[in-house]
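Right, one structure below, let's go through it.
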């Protein structure tokens, strides 16, 4: 019997892991076809092993070993694509699965603790497990035994390849947030769906690189467009985002415009799934605020359009016979908001968006909803996460409303960033250089623990200068608005619609007072955090409250 074999001493770089993501040892022997690397994020500790991998789809590690003549050879280690029986084990307990040759046995294990697949124990000897018998004949090159072992070796490689390909196929078919392959609306239920080839699409230059996609500037039929190119391994992320963009009625001035979806690639690179979207040459909100300051009119336009876009996303409505469900964005950040030519905002990057449960929702939209607490609690950029996401106390009983409230917290941080670059809110009309929310307190790359300590334990928020409450523009409601949006109690926060109302009242105080039925004082006091009802008619009419702000000016910083 073999004792416990420690394969590697895990490096510190691999040990610094997220408390909510399983981290496993990652290894694939040379010659193994396919890879399970796409089931997680590889932690590269150097030019060679050891490496770790943070699992994306499960909390389960696995290992595959080949025991030949009493000697163990590692074939594969990594993440499984789902939590399966055996994942509850704290240790790697190998189980024999196949006998590629009389003297060789293939063992596998699964376990559910960090790096548990680094060590394996109690591997029984391979081959004959009975009493000692006659010595095995030696394999002579070219002889029948040698040929049999060669064929069995080839069989072993093919078997491992089939296992890997099966894992990858399951992962590719997975709808984001779910545990089983299910069709998305309009997909026809076919995992191997053929996407149209976008032959007329031309790629120009890379404008942004992310974890699952690269965004290019390009042209389609003469129109300048943005191309979000996904690698073939990220088909699940592509399908999830496309499903949200293709929902009936999801067309709005302050939501990034979806044009089409298909497949293609720049030049010699492999063809992959693509989303073609409207191009916004002014770039992201973060980029714009870094480069420019704005006057009061421009700042209000950005703030009001951002709130209007989020209110539209959150709203459930029927319009012209078409149904639009409520949608939670879950990844609002100044990188995911784009600036239009008129300096208003358009919300983009719907890769983590979730369709919310609604009273009139058609059954066909069910696959776009999560199927478990882990999928609901998954969120985007840490800096903008609501306190209830940082400490995992989000209300899972009414998760739809809870996610909307979390979005409003993120909205408040974006409003603060916009207002921090407003020249009219400073006595000298010279705002300081742009900083992200919490950058002054925690720096440019805060950890989840640092954010938890500041935003949850200490209940601190970005500083609101006193000049914001006594400037010539008289924005008396700014401090109250922000505090009502980033309140530590999610139930005390405003809805996105009410934020829209209050900003409209700041932009047009005379308009808000002229329409008491549709705009009750811009909802300064009585707008509930829960969705509007007959008792709280805080639902503006497009023709009265939501007039466009006249275009202001932006000053180069």
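Residue numbers in this text run from 1 along the chain shown.
Cβ coordinates come from backbone N, Cα and C, glycine included.
Database features (Swiss-Prot):
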- 1-17: signal peptide (SIGNAL)
- 55-79: disulfide bond (DISULFID)
- 66: N-linked glycosylation site (CARBOHYD)
- 92-109: disulfide bond (DISULFID)
- 119: N-linked glycosylation site (CARBOHYD)
- 145-165: transmembrane segment (TRANSMEM)
- 166-557: topological domain 'Cytoplasmic' (TOPO_DOM)
- 201-511: domain 'Protein kinase' (DOMAIN)
- 207, 208, 209, 210, 211, 212, 213, 214, 215, 228: ATP binding site (BINDING)
- 331: active site, proton acceptor (ACT_SITE)
Smallest Cα-Cα separation from residue 55 (disulfide bond) among the binding-site residues 209, 211, 213 is shown by 211
Would you find the one among the recorded positions 92, 109, 207, 213, 215 whose Cβ has the most company, meaning other Cβ atoms within 10 Å? 92
On the domain 'Protein kinase' (201-511), the mean of the pLDDT values is 88
Rounded distance in angstrom between the Cα atoms of residue 79 (disulfide bond) and residue 209 (ATP binding site): 25
If I take the alpha carbons of residue 109 (disulfide bond) and residue 215 (ATP binding site), what is the distance between them in whole Å? 39
C-alpha of residue 92 (disulfide bond) to C-alpha of residue 211 (ATP binding site): distance in Å? 30
Excluding 207, 208, 209, 210, 211, 212, 213, 214, 215, 228, please set out which residues of the same chain place their CB within 8 Å of the center of the CB atoms of the ATP site, keeping sequence order. 229
Which of 66, 119 (the glycosylation sites) has the most other Cβ atoms within 10 Å? 66
Candidate nearest residue 207 (ATP binding site) in space, where candidates are the recorded positions 66, 119, 331 and distance is Cα-Cα: 331
Using a 10 Å radius around its CB, how many other CB atoms surround residue 55 (disulfide bond)? 21
By CA-CA distance, flag whichever of 209, 211, 215 among the binding-site residues is nearest to the residue listed as 'active site, proton acceptor'. 211
How far apart, in Å, are the two Cα atoms that lie farthest from each other among 207, 208, 209, 210, 211, 212, 213, 214, 215, 228, the residues recorded as binding ATP? 14
Ranked by the number of other Cβ atoms within 10 Å of their own Cβ, which of the recorded positions 209, 331 ranks first? 331
